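Please read the structure below before turning to the comments.
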Amino acid sequence: MSDNEIIPKNQRLFLITQGCFHILMGIFVASTVWLMAYNRDWGSMHTWHVFLSTIGFALLMAEAVAMQNPGNGFFLGYGKIARGFLHGVLMLLATTAVLAGVSIKIQDKALNNRSHFTTTHGIVGFVSYLLTMLSFLGGILLFFVKLVLRICNLRPIYLRKCHTFLGISAYALGIVSLCFGLRNYFSEASYHTNTGFIVILGTYTGLNLIGPVKNLFSP
């Protein structure tokens with residue numbers, strides 16, 4: 001890298017994909033929240049479930065994953081420790097939002113005597129929720145990696161790879177579940193499936209996963 005080159009050539013692709021990711025994420029989240037606000041149905045538990053799940057997976061967890069991408073323009077000047085700390089904070093907020101969203105939906109179904117986790121959306125979402133909890137636990141172990149090494153003879157690289165795999169799986173399945181749920185919500189709220197929103201969500205999720213998948217399979 002030359003003295004005048006701020007970003008290495010091999011990271012420019014990540015800078016472009018992350019730029020597209022943030023633009024598409026802003027469009028999707030703003031449009032989805034606007035639709036909820038437009039319908040003014042905040043007294044419904046289902047609306048809060050959709051809102052918290054969208055914020056948890058499509059915004060907070062998405063940005064937590066993006067934090068680890070080398071082309072994230074918002075955090076280029078941050079060191080590894082600072083990025084790791086912010087990643088953990090965002091994941092804590094994302095996990096809290098997802099937990100609240102799932103809890104509200106479980107309560108909603110219990111009050112209406114409806115079965116739990118019988119749809120594709122519900123099953124995939126529940127699996128994603130479990131993986132999110134495991135990934136969060138892995139993140140805590142990585143934060144205290146020196147203590148973990150004292151207790152068990154485990155190479156940090158294996159713990160990091162496992163955490164990355166669980167995080168990718170939780171995020172990807174969470175988005176898949178969100179797509180199923182939002183497709184139904186859009187149909188009920190606006191009388192259209194709004195497939196374009198689902199395409200935007202899937203596109204920026206794919207762009208966001210390039211870096212983590214690359215890291216997962218790198219030596």
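Cβ atoms are placed via backbone N, Cα and C, with glycine included.
Per TrEMBL, transmembrane segment is recorded for 12-36 (among others).
In the predicted structure, the domain 'Cytochrome b561' (13-219) carries a mean pLDDT of 88. What TrEMBL records for 13-219 is domain 'Cytochrome b561'.
The list of residues near the transmembrane segment (48-65) in space but at least 6 beyond its ends in sequence, with Cβ under 8 angstroms from a Cβ of it, reads 21, 25, 28-29, 32-33, 36, 42, 87, 90-91, 93-98, 100-102, 104-105, 108, 125, 128, 132, 167-168, 170-171, 174-175, 177-178, 181-182, 185, 201, 204-205, 208-209, 212. The feature transmembrane segment is assigned by TrEMBL to 48-65 (among others).
Tertiary proximity for the transmembrane segment (85-106) is limited to same-chain residues at least six positions away from its ends with a CB under 8 Å from its CB atoms, namely 45-46, 48-53, 55-57, 60-61, 63-64, 67-68, 75, 78, 116, 125-126, 129, 132-133, 135-136, 139, 143, 174. Here TrEMBL flags 85-106 (among others) as transmembrane segment.
What TrEMBL lists as transmembrane segment is 126-145 (among others).
Within the chain carrying the transmembrane segment (165-185), a Cβ under 8 angstroms from the stretch's Cβ atoms is held by residues 32, 46, 50, 53-54, 56-58, 61-62, 65, 98, 119-122, 124-125, 127-129, 131-132, 134-135, 138-139, 193-195, 197-198, 201-202, 205, 209, 212-213, 216, all 6 or more beyond its ends. Annotation comment: TrEMBL describes 165-185 (among others) as transmembrane segment.
For 191-210 (among others), the entry in TrEMBL reads transmembrane segment.
Under 8 Å from some Cβ of the transmembrane segment (12-36) lie the Cβ atoms of residues 42, 47, 50-51, 54-55, 58-59, 62-63, 66, 69-74, 182, 186, 189-190, 197, 200-201, 203-204, 207-208, 210-211, all in the same chain and six or more residues away from its ends.
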